[in-house]
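As recorded in TrEMBL, the features of this protein are as follows:
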| type | residues | note |
| --- | --- | --- |
| COMPBIAS | 643-654 | compositional bias 'Polar residues' |
| COMPBIAS | 663-673 | compositional bias 'Basic and acidic residues' |
| COMPBIAS | 689-704 | compositional bias 'Polar residues' |
| COMPBIAS | 738-754 | compositional bias 'Low complexity' |
| DOMAIN | 8-100 | domain 'Ig-like' |
| DOMAIN | 105-192 | domain 'Ig-like' |
| DOMAIN | 204-287 | domain 'Ig-like' |
| DOMAIN | 295-382 | domain 'Ig-like' |
| DOMAIN | 392-486 | domain 'Fibronectin type-III' |
| DOMAIN | 487-583 | domain 'Fibronectin type-III' |
| REGION | 643-754 | region 'Disordered' |
Amino acid sequence: DFGRSSELAFVVEPSDDIAVQEQPLILYCQVEGIQPITITWRKNGAMIVDSENAFMLANGSLYVSRFQRVRGDGSSDEGEYDCMAQNHYGLVVSRKAKIQAATMSDFHIHPQNAVVEEGGVARFQCQIHGLPEPVILWHKNSMPVNTDNERYTLLPKGVLQITGLRAEDSGIFHCVATNIANVKFSREARLTVSGSHSTVYKDPMILVGPENLTLTVHQTAVLECIATGNPRPIVSWSRLDGRPIGVEGIQVLGTGNLMISDLTVQHSGIYVCAANKPGTRVRRTAQGSLVVQAPAEFVQHPQSISRPVGTTAIFTCVAQGEPPPQITWLRNGQILETSDHIKLKNNNSTLSIYGINQADEAIYQCLAENSAGSTQASARLTVLWADGLPSPPQGVRAETVSATTIQVSWEKPLQNTKEIIGYVLHIRKAADPVEMEYQEAVSKSTFQQLVTDLEPSTSYSFYIKAYTSRGASKASEVTVVSTLGEVPAMPSLFIKVINSTTVQATWEPSIKLGQHEGFKLYYRKVHLSQYTGPVLLASNITAYNITHLDASVVYEVKLLAYNQHGDGNSTVRFVSLRETVERTVLNPPCDCMKDEQNNKTSTTGIIIGIHIGVTCIIFCILFLMFGYRGRLLMCKNVQEQLSTPQIPRSQRSATGLVLNGATRRDRDDRDLNGKQLDMNELERLFPASPSQEQQEKGITSAHSLSAPHDETQISTLPLDEFSIIEEQPDPLPKKPHGSNPAAPAPNHGPANEG
């Protein structure tokens, strides 16, 4: 009883049948529900009128007195029959029962004569078509074949296999086909068993492999496989997909035929028969497919429901089968046609009725059908209607406010307004299906609603319902209005410098361009007021090169999108090509030799500068120690006037700067004697004439001191030879070239820490 409508439902439905010519036929139909119930029958969709040959019994079944495949007027009793039941709640239709006449054709395959050596395999086959499927038996020498002999295997499709042939198997064979329509005999065939059993080796060979079969669940499948060879091959079965065949319902007939009883959909697949030579890997294979169909059956039945006027009713009907069934919906026995408020979804599994009214009250049926069979289920929709409900709201108007906003207003119903607890505004895009509708609730004292977050340039439909605690009013009239158009959004703009005179503008198009859309590109020098442009670009263009630019100025680039509603906001970028030019100047093509020499010169200048600073400090200390008034001035002049000689790296590494201060003994003598150095002594300590080799390398230069009180000319010394020499009675030996500049001279006092 699951899923039946209590008001009207089938208890027994007609089933498929095979009728015998000139024999009576009864098709059963039994209905339960609220009386009175009227039952009628149809054949191939046409009403059956009671006649002498076909009429309805008191219990609702159909009786055919003399079934005929072909009548004198050319008509036939074969076809698809269904019964219809109706009461004041609605009408239901049964499943379709397919009625066929029992027949049997002539044999189209007869057994053939065969000569087989002793120990071999003999196979006879005969085939015949009929309804129902004929049962085929074999006779040998006009006597039924002894099926108790394990060497004789009879297959359901009319095959006789004889293995391990012996001389007594020789004889005359024929088959007999029988069903409710007729009995027929095939032609005879002679089997001759020759010679003795051969011992010559023969490779395995499959004489007959499995055929492709299409069957229905619960039937039996026989997959034939007969093989020969010497020694006798071993026959095995497997599935091509590697899944196990299983053991339940599996049986081997004869020496290698596979029989599967009580078929299920899971038995579908490709089966492989293999003939193996014993003890080796020598094998031969053959394969055939098995397709198991399942009639449609319901997983979920539709349920009868009651819904108030104006609400939504949903019926769900889920069916399964192999192949997957097609689902059809009926309303009071007629095929249901979809409309704006009746929708089918999920491969017709879900029926939705929106905004129901009293006209939608009916019995709805779900018919599931495939090639293996059909079934049906029904459910009733009851529309609830209460007296005294408000009439529909009046004067519904909608006005466009902006591209995303519409204001809807209305007036209260004309009747039964006291119990109103609120209004519901129903909103939907005019182009969308009804199921895309959404609602906004409004208080009973409000007669306008601002609907926001709408899409630009889009038509929307609106209607209102008034609600009470007992139900809703009928819907008001529908009003349709469109939002305003909207200009496109700002595009994303990126600027890439190509070279010193060209930049590339790239962007991403807006998704809200609308019709007749495109882009406008402007550019200018930032110090100018006038733009160059607009450059009009199609909507499918996303890049543009701006050429012949001045590398010395900054440019402003502006891009906007436009459509039929106007120009959108622009995106602005600034770009300078000066850096590109400077990078080009600062990074000329590589001259490796020149770069290396420049690096050497630069490093040399840094080191020489450090030496000059150290020299200046030493001068200052000496001047303070010697007490001369002009020492500080000389130190300043030396620091300002010394040039930066460019000495090759090789010479720098070979020589060092030796700064040897006066010995403690000399300082003590000078302190005790108060001896002062004059300019001649300074000139003796710091000779002014550089070596000839250094002059040739341009390392030294003479500078004039511009002090007004002293016109003495001071020459700068090469740092490599610069030293403070302590006065000794005897001349000191010359320091070797390339000695460690940080080491003190031998036999000298400690260096001046200053």
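These residue numbers are counts, starting from 1, taken along the chain as shown.
Glycine residues also receive a Cβ, built from the backbone N, Cα and C atoms like all the rest.
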For this session: Please spell out the DSSP helix, strand and coil residue counts for the domain 'Ig-like' (295-382).
Result: 3 helix, 54 strand, 31 coil
For this session: Taking helix as H, G and I and strand as E and B in DSSP, count the residues of the domain 'Fibronectin type-III' (487-583) in helix, strand and coil.
Result: 6 helix, 52 strand, 39 coil
Exercise. If you average pLDDT over the domain 'Fibronectin type-III' (487-583), what do you get?
Worked result: 85
